[in-house]
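Structure first, commentary second.
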Amino acid sequence: MAPAQDTMFRSADMSMVQLYISNEIGRDVVTALGELGLLQFRDLNGEVNAFQRTFTQEIRRLDNVERQLRYFYAQMEKAGIPLRKLDLDNERLANPSTSEIDELVERSQSLEQRVFQLNDSYETLKKREVELTEWRWVLREAGGFFDRAHGNVDEIRASTEEDDAPLLQDVEHHNSAPEVERSFSGMNIGFVAALPVVVTFPFLFAVMFGDLGHAIIMLSAALAMIYWEKPLKKVSFELFAMLYYGRYIALIMALFSLFTGLIYNDIFSKSLTLFDSAWHWRVPDKYVDGQTLTAALNDSGYRYPFGLDWMWHGTENDLLFSNSYKMKMSIILGWAHMTYSLIFAYVNARHFRKPVDIWGNFVPGMIFFQSIFGYLVLCIIYKWSVNWNDPSNPRQPPGLLNMLIYMFLSPGTLDVQLYPGQATVQVILLLLAFVQVPILLFLKPFWLRREHNRARGLGYRAVGETSRVSALDGDDEDDSNGHAVNGRPSTDSVGEGVAMITQDLHGDGEHEEFEFSEVMIHQIIHTIEFCLNCVSHTASYLRLWALSLAHQQLSVVLWSMTLGGILASPSATGITGGIMIVVAFYLWFVLTIAILVMMEGTSAMLHSLRLAWVESFSKFAEFAGWPFQPFSFAATLEESEELSEYLG
């Protein structure tokens with residue numbers, strides 16, 4: 001019965017009713033009542049056990065279907081299959097019939113069995129894959145015990161023809177070494193060109209960072225981290241940890257920066273008067289304070305013995321002079337760095353006995369590079385050696401940048417002559433450089449093609465093909481019974497031939513079929529990259545000049561805006577002046593460490609690293625290696641996060 005008066009402060013009146021429903025329509029009636037949502041059922045058989053009730057079997061069937069659906073959902077999530085959403089009307093859900101429920105139960109049961117079978121098959125396949133992978137690696141490593149063919153047929157035959165050739169020789173290892181050995185040649189122990197980089201990397205950094213005062217700060221920090229090595233090792237701050245692990249390279253960088261700081265004669269934007277200057281000021285008789293003075297070299301022929309003369313600091317043309325000096329010095333250092341890197345290409349080719357790389361890549365590449373940029377470096381040094389202000393023969397010095405540009409645009413024409421016969425020399429060098437381009441393009445591909453055709457004509461097969469070689473007379477025989485699984489030939493019981501067993505351990509393509517088109521395309525790409533990189537990489541070394549100049553000017557600005565400005569101020573006297581000096585020194589010192597040492601030092605380090613990895617290593621390295629990671633208990637303990645706090 002509905003209440004006579006219904007209010008929001010009182011619950012509605014409820015009525016208890018008793019329904020008599022036949023079994024045939026019980027499901028439909030309960031479904032309809034469920035859709036209405038107005039009736040609450042009371043359990044009249046609460047004392048009866050749940051397993052003894054009449055509908056227990058139906059509930060258990062539906063619970064099993066629900067479990068199966070949860071299992072399907074878990075498998076879908078495991079496989080990454082998204083569950084499609086269905087647009088269902090929660091208020092009007094169709095009542096499934098008994099037959100539909102039975103069909104759902106049967107379908108769920110069959111799908112569950114099917115999924116179980118698929119999972120079992122998948123696990124079996126995964127186990128089989130692991131076993132096959134293990135066998136594959138076993139076979140690959142076992143193949144390393146066999147000699148890899150490198151085309152050394154002539155040397156092998158020569159050794160077998162020697163009368164005094166012993167029966168047993170020392171074991172010769174033919175297993176592929178790490179690719180870093182291939183890339184950096186065998187002259188460096190450890191398979192990497194680490195020894196030269198230990199010198200060139202910090203030196204190039206010091207060229208950009210050259211300040212004696214800043215180098216002393218970096219040296220002090222590096223020595224402190226080395227001295228208190230064990231307690232600082234426990235610091236977990238990530239940025240400090242990076243600096244800590246580079247403490248020794250920071251020490252070397254600081255030492256080189258001390259040297260370049262002395263060369264630049266620069267300490268916190270000031271100069272050191274270590275020796276007498278080679279210049280003297282020309283002071284007129286009627287000198288007025290603020291008047292511009294000019295300097296002249298001493299007539300005695302004395303020159304400043306080490307580094308830059310301290311008289312240059314503070315002059316009006318100091319920036320003009322240092323700008324020109326550091327720019328030309330950067331070109332010379334870049335030329336020397338890349339030339340020494342090109343020599344490594346010759347060392348690699350000779351080490352691996354590849355004369356075609358010497359005559360097809362190294363020689364024409366070196367001639368091309370030296371004809372242009374080696375000539376530019378000689379012109380820079382010659383220009384420095386000439387006294388252009390000689391009263392007996394005053395001349396206008398030529399601009400070397402314009403000279404190099406017009407050497408290509410208009411060969412044989414000069415605006416200002418640097419030395420006699422310059423036009424003829426430049427034309428000869430330009431022709432010599434252009435002649436090297438077709439040599440770089442065609443010599444190596446056609447030489448490889450000729451060797452390939454010659455080997456084919458003599459009856460040799462490509463490495464990797466099935467062949468038999470006589471151990472007695474070295475004649476090739478037809479291999480009719482030497483085939484084995486996966487293209488690996490096996491020895492035959494008939495005859496005295498020896499089967500060639502080859503395997504490419506690291507997938508380096510060394511034993512692939514010769515394709516002239518691929519070799520030609522690769523050589524074209526190499527030639528284009530080399531010629532363009534000669535220009536771009538030489539220009540890239542100008543970062544030495546740019547960062548060195550920026551570092552110097554930032555140091556000058558910081559000094560003049562903080563401590564230098566206070567010291568030059570006439571009001572910096574007494575107690576107030578002392579406080580101003582202390583505050584200015586604090587600002588200058590903090591900003592020097594934060595900006596000039598840390599930020600500028602990081603920038604110079606990254607640029608120096610780029611010059612080592614790109615400009616230098618690209619001349620001879622292939623970067624196709626795999627890292628050397630030896631098994632070490634100490635390294636394992638250090639890398640263990642669980643034991644890091646317990647290690648001293």
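Cβ from N, Cα, C; glycine included.
Database features (TrEMBL):
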{"type": "COILED", "residues": "101-128", "note": "coiled coil"}
{"type": "TRANSMEM", "residues": "189-206", "note": "transmembrane segment"}
{"type": "TRANSMEM", "residues": "240-264", "note": "transmembrane segment"}
{"type": "TRANSMEM", "residues": "329-347", "note": "transmembrane segment"}
{"type": "TRANSMEM", "residues": "359-384", "note": "transmembrane segment"}
{"type": "TRANSMEM", "residues": "423-443", "note": "transmembrane segment"}
{"type": "REGION", "residues": "471-495", "note": "region 'Disordered'"}
{"type": "TRANSMEM", "residues": "544-568", "note": "transmembrane segment"}
{"type": "TRANSMEM", "residues": "574-599", "note": "transmembrane segment"}
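Sequence-distant neighbours of the transmembrane segment (240-264) (same chain, 6+ residues past either end, Cβ-Cβ under 8 Å): 198, 201-203, 205-207, 209-216, 218-219, 221-223, 225-226, 229, 232-233, 272, 306-308, 548, 552, 601, 605.
Within the model, the coiled coil (101-128) carries an average pLDDT of 89. Residues of the same chain lying 6 or more positions beyond the ends of the transmembrane segment (544-568) and with a Cβ under 8 Å from any Cβ of it are 204, 207-211, 214, 264, 266, 268-270, 319, 322-323, 326-327, 329-330, 333-334, 577, 580-581, 584-585, 587-588, 591-592, 595-596, 600, 603-604, 607. Long-range neighbours of the coiled coil (101-128) within the same chain, counting only residues 6 or more positions beyond its ends whose Cβ lies under 8 Å from a Cβ of the stretch, are 61-62, 64-65, 68-69, 71-72, 75.
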